[in-house]
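Taken straight from TrEMBL:
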- 7, 8, 9, 10, 11, 12: NADP(+) binding site (BINDING)
- 7-146: domain 'Aspartate/homoserine dehydrogenase NAD-binding' (DOMAIN)
- 124: NADPH binding site (BINDING)
- 156-327: domain 'Homoserine dehydrogenase catalytic' (DOMAIN)
- 208: L-homoserine binding site (BINDING)
- 223: active site, proton donor (ACT_SITE)
């Protein structure tokens with residue numbers, strides 16, 4: 001399977017490392033032989049129709065901070081040139097999420113699908129701004145659009161709701177979908193101020209380069225959009241979300257909640273409305289997780305509440321979700337060939 005990889009930051013490098021460690025296993029168990037034929041990011045690109053040497057690519061990135069030093073004839077090709085010009089079957093989109101216009105990820109995804117490439121994205125921006133139209137475009141071009149890593153990282157939240165609960169009717173759901181804000185609020189419950197808790201989260205590398213994406217609820221809102229479209233068959237974008245972040249949560253409010261055996265969490269909920277807002281959660285609620293954990297509770301018509309928890313984002317966790325999507329694409333391609 002020939003792959004173009006968009007973005008070679010933490011997630012892209014983690015995926016390359018995962019392929020190196022799992023190559024024999026993937027072929028033996030699944031008949032999957034992934035070959036990354038092109039990689040590009042904001043600082044350059046590398047390409048080889050025979051497949052890039054991933055060990056060398058990782059070494060070049062570590063030594064020089066970019067991949068332009070990986071010598072090949074197509075090293076100066078930009079992303080769209082590579083997508084439109086190379087012989088590939090799958091685009092993996094890992095560039096940072098942008099909730100203003102979703103670029104450059106939107107152009108990468110749209111051009112890839114129009115060319116007939118299947119797409120795996122962990123970039124939430126395009127889905128948050130244009131989920132319904134992107135699904136329509138994938139259907140029109142008879143390609144698969146996969147995005148399981150956009151919600152929950154390596155925890156298969158989307159797959160669980162769509163497949164494990166497919167005999168059920170989910171009537172509503174609510175979840176803690178952003179590990180950064182959960183970490184900050186957990187630390188504030190121990191007495192840290194918002195400013196100190198945010199600084200600690202930054203020091204540990206949990207906060208986006210643009211901190212407002214986390215603390216003002218954009219990340220959680222994007223995930224809510226994806227869940228609402230995929231699970232509830234709603235046709236919504238991030239503009240439909242009522243969003244309030246944690247910037248104004250005070251230590252006094254947290255202490256007051258604790259006196260009632262509750263904790264304040266940033267909760268994304270889908271019922272009559274789509275809302276992201278700080279909310280008091282009882283301490284004995286299965287969804288009341290701490291640190292960087294994510295949790296989501298599905299309320300179904302017949303089997304009641306079901307809660308799934310797990311680590312949210314992280315390089316290797318998100319890379320594992322990409323691999324899961326890649327295996328799904330391979331399975332569907334094989335099914336079509338047999339048919």
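Each Cβ is built from the backbone N, Cα and C atoms, and glycine gets one as well.
Between the CA atoms of residue 11 (NADP(+) binding site) and residue 208 (L-homoserine binding site) there is a gap of 14 Å, rounded to the nearest whole number. Note on proximity: of the recorded positions 124, 208, 223, the one nearest residue 9 (NADP(+) binding site) is 208, by Cα distance. In the shown protein chains, 16 other C-beta atoms lie within 10 A of the C-beta of residue 10 (NADP(+) binding site). You'll find the Cα of residue 8 (NADP(+) binding site) roughly 16 Å from the Cα of residue 208 (L-homoserine binding site). Here residue 7 (NADP(+) binding site) is positioned 16 angstrom away from the residue listed as 'L-homoserine binding site', judged by their C-alpha atoms.
Excluding 7, 8, 9, 10, 11, 12 themselves, the residues of that chain whose CB lies within 8 A of the CB mean position for the NADP(+) site are, in sequence, 13, 14, 15, 41, 94, 95, 315. Mapped onto three states, the DSSP output places residue 12 (NADP(+) binding site) in helix. In three-state terms derived from DSSP, residue 7 (NADP(+) binding site) belongs to neither a helical nor a strand segment and is classed as coil. Its own atom aside, the Cβ of residue 8 (NADP(+) binding site) has 26 Cβ atoms within 10 angstroms in the protein chains shown. Rounded to a whole value, the Cα-Cα separation of residue 10 (NADP(+) binding site) and the residue listed as 'NADPH binding site' is 16 Å. Spatial neighbours are here defined as Cα atoms within 10 angstroms of one another, and by that definition the neighbours of residue 124 (NADPH binding site) among the recorded positions 7, 12, 223 are 223. Listed binding-site residues: 7, 9, 12. The one with the lowest count of other Cβ atoms within 10 Å of its Cβ is 9. In this structure, the CA atom of the residue listed as 'active site, proton donor' is 20 Å away from the CA atom of residue 12 (NADP(+) binding site).
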